[in-house]
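S.K.: Before I ask anything, here is the structure I am working with.
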Amino acid sequence: MTRTLLSWPGGRRLKWLVLAAWIGLLIVLQPLAGKLGDVESNDAAAWLPGNAESTEVLELSEKFQPADTSPTVIVYDRPSGITAADEAKARADATHFADGTGVVGEPYGPVRSDDGKALRTVVNVHLGKDGWEGLNAAAKDMRAIARPSAPDGLGVHVTGPTGYAADSAESFSSADFKLTLVTLLIVVTILVVTYRSPLLWLLPMISAGMSLVISQAIVYLLAKNAGLTVNAQTAMILTVLVLGAATDYALLLVARYREELRRHEDRHEAMAVALRRAGPAIVASAATVAVSMLVLLLAALNSTKGLGPVCAVGVLVGLLSMMTLLPALLVIFGRWVFWPARPKHGTEPDVTRGLWSRIARLVSGRPRAVWVTTSLLLGAVATLAVTLNADGLQQKDGFKTKPESVVGEEILTRHFPAGSGEPMVVIAKGASADQVHAALETVPGVIEVAPPQVKDGLAYVEATLGAGADSPAAMRSVTAARETLARLDGAQARVGGSSAVVHDMREASSRDRGLIIPVILAVVFCILALLLRALVAPLLLIASVVLSFFTALGLAALFFNHVFDFAGADSAFPLWVFVFLVALGVDYNIFLVTRIKEESDRLGTRQGALKGLTSTGGVITAAGLVLAGTFAALATLPLVFIAELGFTVAVGVLLDTMIVRSVLVTALTLDVGRWMWWPHPLARREDPSEDPAVSGMPDSIDSEASTTASR
């Protein structure tokens with residue numbers, strides 16, 4: 001039944017209905033896709049779970065200050081010392097700031113530093129419905145006010161949370177277009193080289209492009225109506241994932257369609273057979289990726305939780321497009337779209353000895369030596385993963401270049417306490433206000449505690465830290481404050497503020513890693529076990545996935561520490577890398593191992609493994625190059641976290657497709673033999689040949705390897 005349904009999109013009449021349906025969807029949903037940026041939530045506090053202590057403080061603080069405000073710090077500096085004219089300028093600016101875009105309340109300052117070389121003014125800005133785009137507008141207004149009339153030699157910088165948000169928004173302002181363009185160029189280049197046709201690449205790209213637009217529209221609707229958390233990072237990941245995964249599915253389908261065109265004169269019949277034979281593996285792999293992504297719904301961190309449905313939507317829409325729209329387009333355009341190498345009915349491709357035939361011969365000679373050596377080499381690189389610093393990036397280390405907000409913070413910390421402008425906030429019972437105030441003065445790292453405010457039975461206390469709000473020292477102060485205040489009977493004190501938000505995000509990331517990684521491994525194992533009806537093969541494949549993941553982290557640590565000179569990685573980085581590498585690695589596992597199992601049923605496991613490798617090696621490599629290329633496009637973006645993610649996933653995918661899947665897994669299968677399929681009946685069937693020597697490889701293996709390589 002399923003195979004029959006898969007063959008319908010390429011039918012003589014249905015192909016036009018399929019095309020019309022997709023065009024109709026595009027017309028209806030394209031306007032919504034352009035609104036995705038309107039529902040992005042780029043405020044870190046919004047990513048926290050509702051039960052986080054800092055989230056509770058944010059909600060309770062609305063009794064004492066306007067909700068959804070962001071502090072802006074304007075710092076003035078003169079190395080030789082602030083002059084009277086400088087101070088007059090700062091006071092005049094503060095008056096103008098009060099009338100600026102989104103400003104709430106009166107500016108605080110200017111305050112002179114103890115060394116007399118800097119001034120600081122703090123202005124609160126309302127986030128509004130535009131989020132960080134609104135903060136960008138406010139920051140631009142303040143810069144326009146402060147800079148033009150500044151006395152010669154006086155430096156003026158806008159920093160603090162608003163400054164950082166403005167610089168982040170500026171970084172992303174043209175990033176969507178740039179990322180899409182770079183990704184498309186990478187995919188087109190790989191497709192042209194793979195197909196060796198100036199025309200064929202257009203059809204997968206049209207299908208993938210429509211998939212992206214429709215995915216963005218669906219994600220917009222989910223974010224607007226179902227509370228899905230979407231930020232700029234997940235929106236960009238959606239772009240590269242849809243274009244990469246959809247193109248992977250296209251490569252597999254087109255390869256099988258080309259093969260069937262040589263066997264069937266009628267292109268509709270050829271497409272029906274191609275869909276019946278290649279479709280189940282493609283559907284199974286896409287469904288596995290989607291289910292793996294949906295495991296992220298278990299995450300405590302809303303930004304991570306939102307990533308799962310976003311990616312699942314992208315993968316499933318990409319699958320639907322490549323199983324319906326692409327087949328319709330291919331049969332509409334006919335054989336000529338393969339020009340100049342059109343597959344002719346009744347012909348066979350030139351038989352030459354290809355790369356994967358040679359690799360199969362190498363692996364089959366000494367399979368145990370191959371998989372042991374490969375595992376040891378990968379394991380050696382994997383040990384470098386312990387040097388990866390994934391304790392979290394400070395804001396100042398989050399940019400590949402140094403924007404104004406970073407420069408301003410560096411100046412601020414030279415002349416003022418680093419935590420000024422972003423205080424620790426404590427909410428407690430009003431009757432305990434004095435106790436809380438006294439207790440905060442004993443907390444390590446706290447240099448100043450403001451007088452308590454009491455309202456509606458609650459006390460509000462601000463404490464200034466000597467360290468930067470997202471520094472390790474500030475994290476220790478948050479922990480110490482919570483431990484100290486917990487000892488106050490009846491105070492019910494809760495600690496919030498910028499430092500606590502960062503602290504709680506890192507705690508949530510750590511919790512998510514401990515829960516989600518084992519669950520994903522269990523889910524993937526169950527899916528592979530059901531698909532292969534075996535237990536040994538899934539266990540070995542899971543082990544190879546874990547090895548591939550740690551090897552990718554090891555290479556990432558090597559490059560981050562010694563080549564790119566990054567300060568570290570975000571606390572969510574290991575989990576995101578794991579999810580993508582495992583979910584996408586399952587794709588290639590399914591493509592390879594299902595073909596090995598299919599051939600093993602005819603030839604025995606040893607010969608089936610060799611034929612499976614030579615049959616799929618070329619297309620898996622091309623698919624890996626496409627996906628690695630699309631994720632590598634993320635490395636062109638200006639933010640460190642997204643660049644690190646793109647680099648590591650790209651490296652991991654290349655490792656997975658070229659070494660782990662194609663060499664290690666094949667060698668393991670040869671060595672383990674028929675027991676790979678235990679307890680499936682194949683495990684009890686003797687191989688036709690127990691000797692996988694090169695001379696014993698059937699001619700069909702070499703022939704198909706050559707066919708694959710020639711494509």
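Please read every residue number as a count from 1 along the shown chain.
Yeah, the Cβs are placed from backbone N, Cα and C, and that goes for glycine too.
Sharing the record's features from Swiss-Prot:
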type     : residues : note
REGION   : 685-711  : region 'Disordered'
TRANSMEM : 14-34    : transmembrane segment
TRANSMEM : 175-195  : transmembrane segment
TRANSMEM : 199-219  : transmembrane segment
TRANSMEM : 235-255  : transmembrane segment
TRANSMEM : 281-301  : transmembrane segment
TRANSMEM : 313-333  : transmembrane segment
TRANSMEM : 369-389  : transmembrane segment
TRANSMEM : 516-536  : transmembrane segment
TRANSMEM : 540-560  : transmembrane segment
TRANSMEM : 573-593  : transmembrane segment
TRANSMEM : 623-643  : transmembrane segment
TRANSMEM : 645-665  : transmembrane segment
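Describe the structural context of these features.
M.R.: A Cβ distance under 8 Å defines the sequence-distant neighbours of the transmembrane segment (235-255), meaning residues of its chain 6+ beyond its ends; these are 36-37, 40, 175-176, 179-180, 183-184, 187, 191, 194-195, 200, 203-205, 207-209, 211-212, 215-216, 219, 274-275, 278-279, 281-282, 286, 289, 307, 310-311, 313-315, 317-319, 321-323, 326-327, 330, 584, 587, 591, 618-619, 622-623, 626-627, 629-631, 633-634, 637, 642, 645-646, 708, 711.
Sequence-distant contacts of the transmembrane segment (281-301), counting only residues of its own chain at least 6 positions beyond either end whose CB sits under 8 Å from a CB of the stretch, comprise 2, 6, 47-49, 245, 249, 252-253, 307-309, 311-312, 315-316, 318-319, 322-323, 505, 508-509, 511-512, 515-516, 519-520, 523-524, 527, 531, 572, 579, 582-584, 586-587, 590-591, 594-595.
If one looks beyond the transmembrane segment (313-333) by at least 6 residues along the same chain, the residues whose Cβ comes under 8 Å of a Cβ in the stretch are 6, 9-10, 14-16, 18-19, 22, 203-204, 206-208, 210-212, 214-215, 218-219, 222, 238, 241-242, 245-246, 249-250, 253-254, 257, 267-268, 271, 274-275, 279, 282-283, 286-287, 289-290, 293.
Counting only same-chain residues 6+ beyond the ends of the transmembrane segment (540-560), those with a CB under 8 A from a CB of the stretch are 375, 378-379, 381-388, 521, 524-525, 528, 566, 568-569, 574, 577-578, 581-582, 585-586, 589, 593, 644, 647-649, 651-652, 655-656, 660-661, 664-665, 668, 672, 676.
Within the same chain, residues 168, 171-172, 175, 178-179, 182-183, 186-187, 189-191, 233, 236-237, 240-241, 243-245, 247-248, 251-252, 393, 397-401, 566-567, 569-570, 573, 580, 584, 587-588, 591, 649-651, 653-654, 656-658 sit at least 6 positions outside the transmembrane segment (623-643) and bring their C-beta atoms closer than 8 Å to a C-beta of that stretch.
If you look at the transmembrane segment (645-665), the same-chain residues 6 or more away from its ends with a CB under 8 A from one of its CBs are 237, 240, 356, 359, 363, 370-371, 374-375, 378, 540-541, 544, 547-549, 551-553, 555-556, 559, 573, 576-577, 580-581, 584-585, 588-589, 592-593, 613, 617, 620-621, 623-625, 627-629, 631-635, 637.
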S.K.: State the non-local partners of the transmembrane segment (199-219) in its own chain: residues 6+ outside its ends, Cβ under 8 Å from one of its Cβ atoms.
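M.R.: The answer is 22, 25-26, 29-30, 32-33, 36, 180, 184, 187-188, 191-192, 228, 230, 235, 238-239, 242-243, 246-247, 250-251, 254, 309-310, 313-314, 317-318, 320-322, 325-326, 329-330, 333, 336-339.
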